[in-house]
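Participant: One structure coming up, written as structure tokens, with questions to follow.
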């Protein structure tokens with residue numbers, strides 16, 4: 001293999017292969033250092049970017065980073081590449097592609113038409129040449145709209161997942177967090193529980209409870225219990241009210257095997273959920289979570305940097321027309337994203353890369369207690385993501401997930417962003433809020449006193 | 001007025017520790033809720049970044065003999081970035097371990113919560129020893145900047161058939177002092193997590209010391225009988241509340 005090099009003054013920086021160029025071009029992050037593939041100096045990082053800027057985009061179609069023969073994700077990427085869609089940018093280098101993406105020519109329609117022509121590696125490469133604001137402004141031009149009972153991803157709107165987790169899956173505890181969230185207008189993307197116990201009867205009990213809340217109040221939302229895909233498939237066989245099928249996914253066949261999934265299993269689950277025909281305005285039935293570091297933690301990254309492997313997971317996601325995808329950006333731990341600077345950057349990269357590929361990206365803006373981050377940092381990330389047009393944000397009561405022991409956004413945060421940036425929830429959900437009489441004359445959702453009819457009607461009938 | 005009329009959330013608050021019904025200042029958190037959150041986060045961070053007082057811990061473990069070791073991670077920032085170093089001994093520690101023949105070895109690792117180890121580790125060891133007096137139990141090894149797999153290297157060097165590694169768990173906002181125990185049969189470097197049994201959530205508001213000791217001793221006895229730990233041991237004991245069902249969750253690993 002010829003390798004790549006770049007002369008900067010007296011120093012010649014050599015890179016053995018394209019994987020090394022990609023890894024060294026990434027902004028500094030602990031996961032790539034842990035894997036031993038990060039640039040060992042700031043100059044080398046820029047040298048790799050200089051190489052990348054001059055690299056023809058089409059190189060990624062012939063020089064794959066994970067072998068085609070042994071990885072079904074690579075085969076998916078190459079076999080489904082749309083050469084016609086790629087044509088408008090086929091002659092460009094990665095650097096020229098960045099300039100074009102930022103230009104006025106790259107408008108919403110042009111970017112939507114281009115998406116099937118882009119591969120994850122192309123998108124990851126160009127992201128490495130972008131500043132945070134570039135990632136925001138290009139992502140803001142992308143529109144990926146999906147439907148089930150609500151429409152998620154429309155321009156000018158901000159949806160949210162209500163995450164009412166409980167350490168023992170206690171039904172009253174979960175109902176408490178759910179009803180609290182509804183009073184902030186949370187949940188129009190999904191009401192989704194991470195179950196403490198992943199088995200079929202427990203999953204069915206939670207699904208039935210969420211469905212009862214939804215039908216009792218006639219709320220246009222979809223629900224999800226984030227059990228393993230095989231658990232959800234068995235729940236469907238037993239007639240459970242499954243709206244969305246959830247699964248964690250990653251960017252290589254081996255990493256997906258670590259999650260206990262293959263592409264064919266996901267296809268089977270998608271077909272089963274679509275056959276239930278529970279969506280009223282659309283049939284996007286899948287919900288995926290991803291996150292930088294998951295492939296390395298499964299020893300399944302093949303020397304590819306964590307941001308590029310992460311982007312490959314979006315090729316998996318888009319093959320199944322999901323309603324929702326989100327990166328769990330700060331959740332996986334400081335050995336992959338050390339501090340708020342790395343978490344912020346990764347959240348913006350993940351959102352940008354997914355949107356360019358046509359994936360309906362949301363985000364769990366979050367951190368663990370051993371990372372160098374706090375709620376001030378989440379304020380910055382959530383505001384940048386909302387400005388970038390993120391499809392949805394995850395929110396939990398008071399930003400404290402008492403089951404998974406980490407911090408996300410609070411219901412307050414999402415409501416405040418909606419009012420500040422004038423981005424209401426999904427139109428069907430907003431209409432429900434209006435019909436219920438919850439909005440004020442400025443179409444805000446105000447704080448309703450505990451003694452108000454709004455609160456007593458909601459809590460009283462949830463007995 | 002009934003309680004429900006005064007506070008319609010009353011019956012919900014008893015059902016969850018989640019921060020529900022916090023009230024609003026405009027769209028933001030009221031000052032009281034804001035400061036309560038910051039206090040909880042501060043305590044969790046202090047638990048991660050403060051050091052275990054190993055002298056005090058050794059005194060608390062008296063009359064049991066203790067041995068001090070250090071992982072290959074020299075300090076906390078390195079420990080957080082390099083999990084691989086936290087799983088190995090530094091050369092000086094490795095050279096100083098006495099070989100022996102033990103049925104069971106306790107290794108106490110600081111992990112991610114100094115507070116959990118300081119408060120809960122010694123009482124748990126004493127409670128277990130009281131139940132397992134018939135076994136040959138080695139000196140208690142106190143390991144600094146250590147992760148779970150470090151116990152494998154320690155125990156294989158010291159000639160133990162079974163190791164119980166006590167470790168400070170990653171603190172949440174509502175539980176900063178939670179201890180976990182990982183039990184491994186025939187410990188040696190390279191053991192997979194699936195070859196261990198875990199008891200987690202040991203703290204004042206979670207699993208009690210006595211209940212945890214009962215579980216640990218049952219597991220230790222079964223491990224010696226079956227000559228294994230891990231998934232196979234769990235399957236034979238479905239009534240045992242294993243803390244870690246397979247979760248569909250992207251997560252960090254200790």
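Yeah, the Cβs are placed from backbone N, Cα and C, and that goes for glycine too.
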Participant: B:169, B:198 bind adenosylcob(III)alamin in TrEMBL, but which of B:148, B:154, B:163 does that record place at the same site?
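Facilitator: Site partner of B:169, B:198 for adenosylcob(III)alamin, according to TrEMBL: B:148.
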Participant: Highest CB neighbour count within 10 A among the binding-site residues B:148, B:198?
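Facilitator: Within the set of binding-site residues, the most crowded position is B:148.
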Participant: What is the total of other Cβ atoms whose distance to the Cβ of residue B:169 (adenosylcob(III)alamin binding site) is within 10 Å?
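Facilitator: The answer is 24.
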